[in-house]
């Protein structure tokens, strides 16, 4: 049976958990549309996260890769449109690195678009009753680092494998410590990821549906 | 066994459900700290909501009353501090009424503070892992109308019965139609209300903990 | 010629200026609708602010009092509807006091509505091209302390004098240190206050215009 | 004397003015650091905006191009980091066009980074007392269309000319019709643009200062 790889991150920025891993680990070994889901955790560190990701891809040989990360403060599940070739860290990563305006791949292009059907994924998550939207930026921290690095690696070494990134809100128990910030339960996130993966596995050509931003 | 009354609202403003009723109805007949919970739905209408509430209080004879309503856009469970003596409706209610700057009780005071231990309730909800905060305003629509009307009625007719109001976020399925707005799952809301009611039944004197706003 | 008193606050919470004083001091000695504006600064301290305010009222003998304060993070000029009888300080005031749930006036009512025509003032500010709205809460810090204390004092000692409170955003130079927060130029604030005072002096009965909040 | 070109947009989305043009037109013929500023308005239309821009570049022969647009709802001056190769319109442009997921340049790269010193520009604007930040996305509407199209054109035809994009908030008079939205006075925007252009003309290598986002 073919496999799909879904990754999440370890906690960072003083948090004791990362909602991405709380959700993603519950999808490990799940079967979806004739594929087996393999869930793996990545370190929240520039460089090392991509090393682990690439080793995992070589070991797991997935037909599709979806990376998931925390976007504290966002209210919706965000399906990322694009990863950009820059590290610019507002806070240090878990290894103490804080790069500023450093390319992820010295010879790489400025950006890669996700190769997953992002509009179909957003539509599927919303049909499951979970708020979702296309996001036009994955930031410039480790999440974007992994998104760009994943798409660069797949482009160079495994062009037939599709890849993308999803950002998720805080868990309610995290938002207790972040007054006024939105949150989403792990159950909702899991259902959203199932819907997104199912859509990504089922849809060849993305649907034509607006998901833009005026700015 | 003594009873406590918890109320919620019917849908309004074009919604097909009201998260307050989706959560509150699941608490009906629940036993908490030696009390039986009675859940009732109120119409979303100035005047009529208070008529139904007062009749229900007379029929149920509760030792405590908690009214619950939807605050679309808020990210946290809000325990309201105060109800004020004014109806000022930005949108029409379910009967088409849209009062502007009209007192709720012509001879009533400008406001009533909740007589439930709001700080202890917020603390209990947060301990249950759900984001919560004191709110300094319940607005000027039907929710505030019910909060003020409830406290005015209890003050005049049943001064030994404590009362208060809790605002809750949209459900995730509602937020699908409100891009960028926060939401909270019905399960989280139910756990929050259980924690709040349990605290309200257990605490005589409210705890001393900041819950203020600079503006 | 009759006088109107407008007050502002000294800086607090680590700021080096307070936008309310930057604007208000430029209105000192201005003539508006046949009245002379007297501008005074209040200390940002529970208790002391009201002592100074009351002494100033006795000395200045105004026909109207408008207090102005900073609401960092708000985007609009907020004309406050109501002051409530509680001090609940999230941060210490400039004298190190941080009261929690303490009444401002032990025997006072729960709240006072502003006695200025708040809807006419909002309309006048908006006609001047400055965003403005009615606010349903002045918080529970020194601003609300002054609003409630002012209205309580006028109610008891000078019932023919009308009073109210306006909250204003950060200045642009303050917002530089508060990423993502809204701001408003001193010029815009001054024009807003002139429009508000002019409306307050010209309008006897407030206009009938919605200014409510659903929550 | 050398010239620099600064562009703004005509009104769109039902507005009667565009804050970018209100500010930019006042910089026309201004001299800055030994250069003359030429200000031009672009149509808010996919395709046509780029045609006009390219003709203007050929006619004006600038050493630098800065395009400016409205970002209604943002509180700060945003210096854009990157333009991406996609049109995805949430609303129709002024010609009724509403493309979805259409590349701007069929053979173009996924994105271009601004070639202006964005960190130095943000620092200069903030030193002028105006809130500013790097933005990681210019959206997917006409603003991004112009930013990507500008950088693509310069890359292909005038690689020695530097280019970039700045998004600005609503004007106060616009925000009157957008309750709760931030605004910025035209004076502040003009001072911000002067500071940004001066920095861009003075700085060869951008400064090393964090301007990233975690998501």
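Heads up, the Cβ atoms here are built off N, Cα and C, so glycines get one too.
According to TrEMBL, the protein has these features:
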type	residues	note
ACT_SITE	B:80	active site
ACT_SITE	B:143	active site
ACT_SITE	B:167	active site
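It is 7 Å from the Cα atom of residue B:80 (active site) to that of residue B:167 (active site).
A sphere of 10 angstroms centred on the C-beta of residue B:80 (active site) encloses 26 other C-beta atoms. If you take the Cα of residue B:143 (active site) and the Cα of residue B:167 (active site), they are about 8 angstrom apart, rounded to a whole number.
Note: residue B:167 (active site) has non-local neighbours B:68, B:69, B:70, B:71, B:74, B:77, B:78, B:80, B:135, B:138, B:143, i.e. same-chain residues 6+ apart with C-beta under 8 A of its own C-beta.
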